[in-house]
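Features as listed in Swiss-Prot:
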- 19-26, 83-87, 138-141: GTP binding site (BINDING)
- 26: Mg(2+) binding site (BINDING)
- 10-206: domain 'tr-type G' (DOMAIN)
- 19-26: region 'G1' (REGION)
- 62-66: region 'G2' (REGION)
- 83-86: region 'G3' (REGION)
- 138-141: region 'G4' (REGION)
């Protein structure tokens, strides 16, 4: 019986519930768990509301987040589902990338329509690159007037379009999480319909191995008679031996060829995402490369110094700063394997940022880093983390 849990013969996706406080995110999560456990009992185990709501505290890079993880399967897919009960938890989770989502269910109470946090969550989802949103119009059993439901649906679609999602075509499913939990047949079906919409509409994620190769350099050393070796953990892609690569970041871009690949002291024909490996680089000296650069497929990533970011600043209790900072604050930005100093400019109208706040900012680094939108980083002072963020837009 239990064996079915570990059969990974279905595509795996990470999804989550987002939306305004008390619109029913956690109740919907519990309802999905129950409905699927009833429908496919062999592969699903029901998790009740209490277990999800009392989400354990997790530490991600020193930031405390309450977040619940549950898993379930439909006929087509295996899902890992994250539910962050509190608004602050959700914001931290999105910005720190504690749980990357392939798609999200935006929960909007039909009784209220979109509220302040609904907007903020959708904006954040776009900024951190959640690829797909669909909508659960929850508490639909409490609205008798069909026209009112249509109106709320229109409002939600408009909000999605405003934030750069496909509001016209996003599925909007009318559900009642509470009634589904109580076993009311009409509303159980609504949750089944919702999961069918998730199955059909959230695209399969691009597997890491299918992306262009990238390995952050952690260490550099010389093997006498053979040349310079860089080591690190391949972040994505595959790299066959004798491929051309670029070394990007910190210094001008260099081109070279990988003439040897080693893992656990064995010679390999290719390096793959997720593996720790050593790459032998043709014609480069020990001093030509350093920690903090990346080895990548030529042309796949470029070095940049100026960017916009969305950042969460740790509270004092989380070990962060004790006092606010202002524009021109110069901390270290830790990208992948190295710290680079950067100058912060706060947005117009933001005088200062307090510990525990989340904010947008513009950053100018003193050295270029291999960068793309969505890349995560930590903000550090003297080696301790005081914030965590993501690149939302590259300026130069």
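Cβ coordinates come from backbone N, Cα and C, glycine included.
Cα distances from the residue listed as 'Mg(2+) binding site' to the binding-site residues 19, 84, 87, 140 are smallest for 84. The secondary structure of residue 22 (GTP binding site), as reduced to three states from DSSP, is coil rather than helix or strand. For the region 'G4' (138-141), same-chain residues at least 6 beyond its ends with a Cβ under 8 Å from one of its own Cβ atoms are 23-24, 27-28, 107-111, 149, 174-179, 187, 190. Under DSSP, residues within the region 'G4' (138-141) fall into helix, strand and coil as 2 helix, 1 strand, 1 coil.
Sorting the region 'G3' (83-86) by DSSP state (H, G, I as helix; E, B as strand; all else coil) yields 0 helix, 1 strand, 3 coil.
Note on the region 'G2' (62-66): DSSP counts are 0 helix, 4 strand, 1 coil. Sparsest Cβ environment among the binding-site residues 19, 25, 84, 87, 140 (other Cβ atoms counted within 10 Å): 87. Annotation for residue 22 (GTP binding site): same-chain Cβ neighbours under 8 Å, separated by at least 6 residues, are 109.
When averaged over the region 'G1' (19-26), pLDDT in the model lands at 93.
Around residue 26 (Mg(2+) binding site), a 10 Å sphere centred on its CB holds 21 further CB atoms from the protein chains shown.
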